[in-house]
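Working notes for the structure below.
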Amino acid sequence: MRGLLLAGALGLPLAVLAHPTHHAHGLQRRTVDLNSFRLHQAAKYINATESSSDVSSSFSPFTEQSYVETATQLVKNILPDATFRVVKDHYIGSNGVAHVNFRQTAHGLDIDNADFNVNVGKNGKIFSYGHSFYTGKIPDANPLTKRDYTDPVAALRGTNEALQLSITLDQVSTEATEDKESFNFKGVSGTVSDPKAQLVYLVKEDGSLALTWKVETDIDSNWLLTYIDANTGKDVHGVVDYVAEADYQVYAWGINDPTEGPRTVISDPWDSSASAFTWISDGENNYTTTRGNNGIAQSNPTGGSQYLKNYRPDSPDLKFQYPYSLNATPPESYIDASITQLFYTANTYHDLLYTLGFNEEAGNFQYDNNGKGGAGNDYVILNAQDGSGTNNANFATPPDGQPGRMRMYIWTESQPYRDGSFEAGIVIHEYTHGLSNRLTGGPANSRCLNALESGGMGEGWGDFMATAIRLKAGDTHSTDYTMGEWAANKKGGIRAYPFSTSLETNPLTYTSLNELDEVHAIGAVWANVLYELLWNLIDKHGKNDGPKPEFKDGVPTDGKYLAMKLVIDGMALQPCNPNCVQARDAILDADKALTDGANKCEIWKAFAKRGLGEGAEYHASRRVGSDKVPSDAC
């Protein structure tokens, strides 16, 4: 499964960035290739026009009980013999579409990769749905009756050995939780927090059902869910990694890196509609440091997991103004400026995403959700100059209610070294892993971008959002952009091609994925598809060069923010572990929900140009491309 560069990390196209160079506090990097343990891609995605199982409702008004009942009835209609439970993360998106998630069960245990997401339209009817429910035979024997499976300690030992995690288990013991066959481990060293284990079923790649222990281990560089066979205690059937790799003197929003403009002093930069407590309060306490409701930023030179007592600048008069020079060395000499920049960029992005629909109910990152739904206690831990690696960055996204964790590294490809916190595109790329992981499959499920193609799209969304945000006033359809060029000191950036609407400059299409088996390379293809979409919508609606969108009837009035909004809404519509064809359909459906399909032509043309037109197909062994625009699209 996902190592640092294979999930949530910003990597170079040809393995220029291998792995961070060192670790701290005894947390060892495993040597096993987690990529080989990815869960397989098996979801279906169907919109209302394709569905023969549309469920009408006569309820009024649109209430939580009614849309959950509508969604539940659809699942019963589609798979009448399945047993399942409602996941408690349903909500109504800013586009008026309600999202409800279900988990299949067998003998009272979760089938952990059998998910069903239902999207209910504003009219109370099914808008679209996706699922990966198991349709084979459920074992007759209830494992909880016979109880001949291995114990959780054996499962943890088996996980430790199979993945070479270097966890010390000499004093290990278990403590039962309130959930069925669920345990916390005590007396363990080598992990950030106590490991956990829960007995669940898993649909294997061959389509059969296996009883497994789901073992959760946060070893800092990787935050793993390992599905280990409950009968043998040794065979690993799958692994999920949550890590995808006042006055502020900063590079202002829209300046991607120091080559694009000077630092300026910005006063009270927060959007009060998105950050009700400002950036330096959490609703309970007011701070004079880089800490607040949305994030807590600090230095982390040792690369450790502790952060509350780490150094952060303190300004009683709230003047976060610190010196920084491109020639300054060593990096710790400008740590105050680095922390301030990271805090500013992450908070600004939080506020922008909030206005585009990534709010409390959708699973955003906030300590206090102010009574607006979702699970709180999950601001983003922002580590500047993190000592656990170099030439990279990463973001860990656990489910809603647990803090996200971003690590920004020093880049050593230049003299003097460069600090990744000063390249906004890297910060935005990493934070977008949190966005896409929380929205896809619902806030309570952070393992829905784990398959190779969906994981690649996770990287692509990060590149796309970073690029859309850095557009300049004079840019046109023919403007090209690179990724990570400043930090890596690499002309042309860290992807194989610039993002471009020219097939000569960037020849990548959907069938290029047939030759790719690494998520960053796959992501570069997806990001360029979205770059085509971005410019088609800008050409139609114009471009707002301001720091936040303007809306009319809930729809961004310009093409740039409209593209970002449709991409975000599509994440919430698509199934768990989607492929590119399904993600395309979800974006089309997002436009249908938001604008009644007013941009269908522009969207189809963008996808068709890059091989994702009508008739494009995903298969596990190959992709089939198409440049066809549907006859009714334009």
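Including glycine, each Cβ sits where the backbone N, Cα and C put it.
Swiss-Prot records N-linked glycosylation site for one of Asn286, Asn327, namely Asn286.
Across the structure, His429 (Zn(2+) binding site) and Asn286 (N-linked glycosylation site) are spaced 29 Å apart at their Cα atoms. Between Glu430 (active site) and Asn286 (N-linked glycosylation site), the C-alpha separation comes to 27 Å. Broken down by DSSP into helix, strand and coil, the compositional bias 'Polar residues' (289-308) contains 0 helix, 7 strand, 13 coil. Reduced to three states, the DSSP call for His433 (Zn(2+) binding site) is helix. Asn286 (N-linked glycosylation site) falls within a strand when secondary structure is assigned with DSSP.
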